[in-house]
Every structure is written in structure tokens, then in C-alpha cells.
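To keep things clear, I will list the structure first and then write my remarks on it.
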Amino acid sequence: MRKRIASYVIVSLLLVVTIVYSATTGSIKMEFFEFFGALFEQGNSQMEAVRDLRFPRMIVALFAGAALSVSGVLLQSVMRNPLADAGIIGISSGAAFVQLFIISFFPALFFMTPLFAFMGGAFACFLVFALSWKSGLSPLKLILVGIAINAMFTGLTEAFISFGGSLNVSASSVIGSNLTMRTWSDVSTIATYGTIGLVLAFALYSWCNLLVLQDKTAKSIGFHVARARLLIAAVAVLLAAISVVVAGVISFVGLLVPHIARRLVGYDHKVLIPFTALLGALIILLADTLGRTIVAPLEIPASTLMAIIGGPFLIFLLRKE
Amino acid sequence: MEMKRIIVSHDNINNHLDDVSTSISKGKVTTIIGPNGCGKSTLLSVLSRSNIPTSGTASLENRDLVMFKPKEFAKKLAIVYQQNEVPKDLTIEKLVGFGRLPHKTLLQRNQEEDRKAIDWALSVTNLTDKRHNDLEALSGGERQRVWIAMALAQQSEILCLDEPTTYLDIYYQIELLELVKSLNEDYGLTIVMVLHDINQAIRYSDEIIMMKNGRIIAEGRPREVITKDVIKEVYGVNAVFKEDDELGLYMMSLGI
């Protein structure tokens, strides 16, 4: 119990520190007190630039981190598989491909991209489920199927971009993730759908807890296993898809963060889901801030940093299995 | 519970249950026995609704089992399976609390009643002292009791047990069967279980259902069902029966 409280307090503090550091560091540098002074006054030109460019980017990073991490928790619960992550098993790339496809051919439907991304992610999720169901969702089989699905959608996306150079799509933002040039309209998209997804995820915590039981036992106490799986997976896909729409594909967050979170606060989803959201927000904001400061004026995308850390971590987990 | 002309076939070629009709008496201990693959677990799975029969009807209180809603049925009947994966980082109390699910609705939960039911389930299974322990730290016998406690928290009238003693040492086998006996005698639960050991079945059952090849060979009181001829027919084993003043009837197998 004390470990839980301590973990919450420390991560919250780190989050605040990182937010302040991130807001004051970069191509425009501000002193801490100067920043706070400027925060509440109009007309400071430096502060206007920060407000227009840096704040949206930070908020997008926070929401994307929280959404992807919680999406990982939900997928791991629903697939009863510690290795599930929206990026690794192809949900994100499925969302990215369908989104790209729709806005290339039907640009008028641009405002509905979250919906199409959701459908693409749901389709990929369905494929992974259907193809690894027979093996009883064994962790390794599921990962292999997922990697294949991911490769397929990533390949389709790349092919699409090379064919359609004339289609006038900013494709690089779809394949990789780059958080530069985010706007307040991006913020409002991810804040709206992200909040909905996170609230729904928390509302489902008792179902996530019940899914540790084997199906036959869960059924015997009157639990609708299939219905619970479907709904939890849908929320997981929503969270992953909305991150893809606004921040691009970032893999491994959904794997890394829930694992660390379980170590710190345990397996009860009532505590785990909010904590994972906090920790995920912290990690992605940190990755993005480091990415734009350590080799400035160049930038390393947060997704690249996550892949560099996440790859070895996945190998470590696979060896433990 | 009534079963009428039940046929279960998983592959549409072989019948795992072949035209089985029987009834389970309320307030009694009924044990299903028979050799491996005789359909005893399948029969239990039909009773507990985890298997829907290919044809025939299983009913409880004159209602077809498929007509019950999941939670409604879980309030009538609880089942403990033979082997259960043990979840990580879960206390006994929390797991037993899962058994309260059928009594909860989205908006309504009676925490006082939940607490009473959980306390009762833990005390009957002698786990009260360990309620805050993690499941992973328990012995095989204790784990089996935890799963029974979860089923008891459902507060159903019928409790099914699928080979509850199979993976246990003899001490824990007896402990478990005594628990089952007291659940029946002291709390009036109807018990339906599958056992391997014939002598345990004789000793702890009011009624026996003897099966072979998906059919019921004999059923009734232990003394009527378990005879030299039936054992020879069902198991292909020659046996003698002795009567002991304290133990009652018991069987020794001689050879094949």
C-alpha cells in the first residue's frame, strides 16, 4: 500500500518537473520565474511562440503517452498476454493505413479520420485475435501473428506512399511519429477522444480484473467473457487509433509502461490503469523533450527513442517467458 | 435437476454422451464415477451449462438450463474445476470476492451481504486466517479450498466439483471430502461431483452414477450400484467387497 502511494506521488512529481522543464527548454529558453511571470500576461512574444508551438506539442505527447500505455494494459488483459502492445501487433499500423487511404481518396472526409483510424485498428485487432485464437492466445504465437500483421500494414502504407507521391499527403507523419508542428486543433482532437477513452478504460477496471480467471471459471460465476473482451478491446483500439491520428505510430510504450507500472503498484486494474496513464504521459513527454534537446537543433522523434529502449526490453521479456 | 435423453457430440461422429437420462436429488451428494473417457466430466459440464447438449434437455426447477441468464444461473449452481491457473498478485479474499459477481448489478451492490458471504465462505473452508495472503504462496490443498470458497461465495444451492481430489495428497483428499460432507450436512448444499476413487465415492456419496462409454450403467445408492459384477463390467477388474464395522463397505481390487 505504501509502495503504491509512494509510486503515485513520485511519478506525479516527476511529471510536474518534466512539464516545467519541457515548457522552458528548447530553441526558446526561459528562466523558471520568467516563464511563470509570462504565463499570466499577454503580449510577451517569446511566450506567444511557446504557447502556439510548444504547448500543443507537449499536450499531445502527454495524451498520446497515456492513451498508448492504457491501451497496452487493456490489450494485455484482454489477450491474457503480457506482450501485447498496439504498436507491435499491428493495431497502430492498421489504423495508420486506413486513415491514410481514406484521406487520400476522400479528402472531404478528413474530419472523420478518427473514425476511420478506429476501424483500421479494429480490423487489425480482429485479425490478430482470429489468427492466434486456435493456439489459445499463447504469448509467442500472438506476437508472431501480430508482427506479421504489423509488417503487412506498414508495407501497404509505404507502398501507398511511393505510388501516390502526387496525392499530396504528408505521409511521413503517418509512418513514423513526429510531434513537431502540432496545433491546438490536434490538441482538441486527442483531448476529446483521449479523455473519453481513458474514462471508459477506468470504468472497465473490474472486468479487466475478472479476466485473470480462465474462461470456464469466469463463465461459471456468470461473467459475460466474450462481451467484456469485445468492449475492452474496442476501448484499447480507440486509444491506440486516436494516438495514431494525432501523434503517429509509437511502438513499445504500451509494452514498457504497463510492465513497470505492475512492478510498482501491482495487478489491480483500479490502481493500475490511472497509474499507467500517468507514467505513460511522463515517459512520452520525457522522450519527446529529450529528443528535441539533446541533439538540438536536430530532433530525434519520440517513437525512435522508444524503439531504441523498447526493442531490448521486448527481448528481455521474451527470454523471461 | 433433470436430464432427458442428453446426447453430446463434439465432432458429430462419436457421442461423448449417448442418450443419458437421469436426475440429481436435491440436498444429496451425488457422485459420478467411471473409467477415463467415460463421459463423467462431460455429464458434469452439461449440468453446469458449460456444455450445451447436441440434443436432449437439461433442466433445473422445471426450466431448461439454456433459459437462465448467466448471473441467474450462477446463483443456482456453482462449479469448481479440476485445474485452475493461479492469477498473480491476488489475495485469497479478492479471489473469493469474485464469487459475488452474480449478486451484483451495474448499479446495485449490497456490500454488507457481500462481506458476510465472503466471511462465511472463508470460515467454512478454514481460510479466514490467510485471507490476506497471496494465492501463489499456498499449497495445493489450500488452493483447492480457495476455489471452493469462491464457489461458496456465490451462495448457490448446488455445488459441482470436477475431480476435486485428483492432484492432492491423501491427507488433503480426506480434508477436502470432509469439507464437502459438512457443506452437504450442515449447510444443505446439493453436491454433484466426479471422483476417481471408488472407496471414497462409496463413503461420501448418497447416490452414485456409474458410467461407461458415454452411457449410464447403473445408478442409485452406493451399495446397490457398486457390486462385483458392475465393477467387472465397467472397469474390467476383479474386486472383492468387505464390510467393516466402522468404515462400512469397502472394495479391494484383486486383479484383471
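Placed from the backbone N, Cα and C atoms, the Cβ positions cover glycine too.
According to TrEMBL, the feature transmembrane segment maps to A:55-75, A:87-109, A:115-133, A:142-163, A:190-210, A:230-260, A:272-291, A:298-318.
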Would the transmembrane segment (A:272-291) count as touching the transmembrane segment (A:55-75), if touching means at least three Cβ pairs under 8 Å and pairs must be 6 or more apart in sequence? yes
So are the transmembrane segment (A:230-260) and the transmembrane segment (A:142-163) touching or not, going by 3+ C-beta pairs under 8 A with a sequence gap of 6 or more? no
Do the transmembrane segment (A:55-75) and the transmembrane segment (A:190-210) come together with 3 or more C-beta pairs under 8 Å, pairs six or more apart in sequence? yes
